[in-house]
Amino acid sequence: MKVYIETMGCAMNSRDSEHLLSELSKLDYKETSDPKTADLILINTCSVREKPERKLFSEIGQFAKIKKPNAKIGVCGCTASHMGADILKKAPSVSFVLGARNVSKISQVIHKEKAVEVAIDYDESAYAFEFFEKKAQIRSLLNISIGCDKKCAYCIVPHTRGKEISIPMDLILKEAEKLANNGTKELMLLGQNVNNYGARFSSEHAKVDFSDLLDKLSEISGIERIRFTSPHPLHMNDGFLERFAKNPKVCKSIHMPLQSGSSAVLKMMRRGYSKEWFLNRVERLKALVPEVGISTDIIVGFPNESDKDFEDTMEVLEKVRFDTLYSFIYSPRPFTEAGAWKERVPLEVSSSRLERLQNRHKEILEEKAKLEVGKTHVVLVENRREINNQIVGFEGRSDTGKFIEVACKEKRNPGELVEVEIISHSKGRLMATTKGN
């Protein structure tokens, strides 16, 4: 039997799709890249914005037209969590609905017709399904916490993923060792508030924090690099930043989700920090790690965002000069505080602001790329590049998170760490050769 999985959204969803495949492999399902040949089609959904939800029902309609006569369609993930049985009403071709915290129950629901499984289980026994058999890969996703206790006014995640619980460190270390023995060189640690790790366990455990976990993971033989997403700026205190800077295996790239550069908007968003506080954290980080790569999220058009508020966001963009920007127009979500507000920034205003923000960021990337020429980086080889079956190089990421295309006729295997020199750039992209060539 064959299964096709369409994955939308964040890294947590990618990890959930891996889990779905692992569970289904026990039932002799094999993954296929062609939905027309699948016996089971799964759509792993995202509900952070409205656009992916609209896309969901369009995809369901397309899959219903092309699927095999007896093939089933299942909807999983965050949209499944908050819409539940309403999905079955809107899309009769769907056979079952499986929430974001119910992935391990896929083997139960595929044999039921019109099943809905979205209830959240907070018992520690649920940890057993956080780890599962994974195929060998250089870069592995590793969950360290589930859920979110923050109450940001715009965000539906606490409703779809449940309250925040940290996975016991001994279980995480055991899984990381297994991944290392299977060839993993880089870990990507996952959590909705990943750097708040240790704030709450579902039962009594020794007091540890995120920095403690990073140090322990760094001791595992075979693990060369550690990244993590998504942290919250509130938990980036001096102690964390200092240990982040000192740990040689922790990559010197970090996600710092700003959301808005306006203190007034940040207060409405319930983010818990101000523009000045955020800039102070960036200043402290850059003092410790001058070459650090910083990515961020920015929402434009949040209710009541004024022209002055948006200019504050542009000011932060200029001061920080983010290496990566994920930017969106505000999307009202159900089960959120802001979703009930009547105030709305006109779409044409929001669209204009987004365009200006993104255009300026593209310019910043080009300016930063020029400064990279002549610099050296150590790249973890992710993929070989071939033309007409001839090796022409490889691609991968630097310690600071820069994606680099490397020209090299020598065979370099995925997982190798290679020193390269930047020789050119184009539209923010970096090209390099191996050091000494």
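Don't overthink the numbers, they just go from 1 along the chain as shown.
Note that Cβ sites are derived from N, Cα and C of the backbone, with glycine treated the same way.
According to Swiss-Prot, the features are:
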type: DOMAIN; residues: 1-115; note: domain 'MTTase N-terminal'
type: BINDING; residues: Cys10, Cys46, Cys78; note: [4Fe-4S] cluster 1 binding site
type: DOMAIN; residues: 134-367; note: domain 'Radical SAM core'
type: BINDING; residues: Cys148, Cys152, Cys155; note: [4Fe-4S] cluster 2 binding site
type: DOMAIN; residues: 370-436; note: domain 'TRAM'
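Sequence features annotated in Swiss-Prot and their locations in the structure.
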residue: Cys10; record: [4Fe-4S] cluster 1 binding site; Cβ within 10 Å: 18
residue: Cys46; record: [4Fe-4S] cluster 1 binding site; Cβ within 10 Å: 22
residue: Cys78; record: [4Fe-4S] cluster 1 binding site; Cβ within 10 Å: 28
residue: Cys148; record: [4Fe-4S] cluster 2 binding site; Cβ within 10 Å: 22
residue: Cys152; record: [4Fe-4S] cluster 2 binding site; Cβ within 10 Å: 20
residue: Cys155; record: [4Fe-4S] cluster 2 binding site; Cβ within 10 Å: 22
Mean per-residue pLDDT computed across the domain 'MTTase N-terminal' (1-115): 92
Residues within 8 Å of the Cys148, Cys152, Cys155 Cβ centre (excluding the [4Fe-4S] cluster 2 site residues themselves): Lys150, Lys151, Tyr154, Ile156, Val157, Pro158, Gln192
Those binding-site residues of Cys148, Cys152, Cys155 having Cα within 10 angstroms of Cys46 ([4Fe-4S] cluster 1 binding site): none
Pairwise Cα distance for Cys155 ([4Fe-4S] cluster 2 binding site)/Cys78 ([4Fe-4S] cluster 1 binding site) [Å, integer]: 12
Check: same-chain CB within 8 A of [4Fe-4S] cluster 1 site center, minus Cys10, Cys46, Cys78: Met8, Gly9, Met12, Asn13, Thr45, Ser47, Val48, Pro52, Gly77, Thr79, Ala100, Val157, Thr160
Distance from Cys78 ([4Fe-4S] cluster 1 binding site) back to Cys152 ([4Fe-4S] cluster 2 binding site), taken between C-alpha atoms, in Å: 17
C-alpha spacing of Cys78 ([4Fe-4S] cluster 1 binding site) relative to Cys148 ([4Fe-4S] cluster 2 binding site), in angstrom: 13
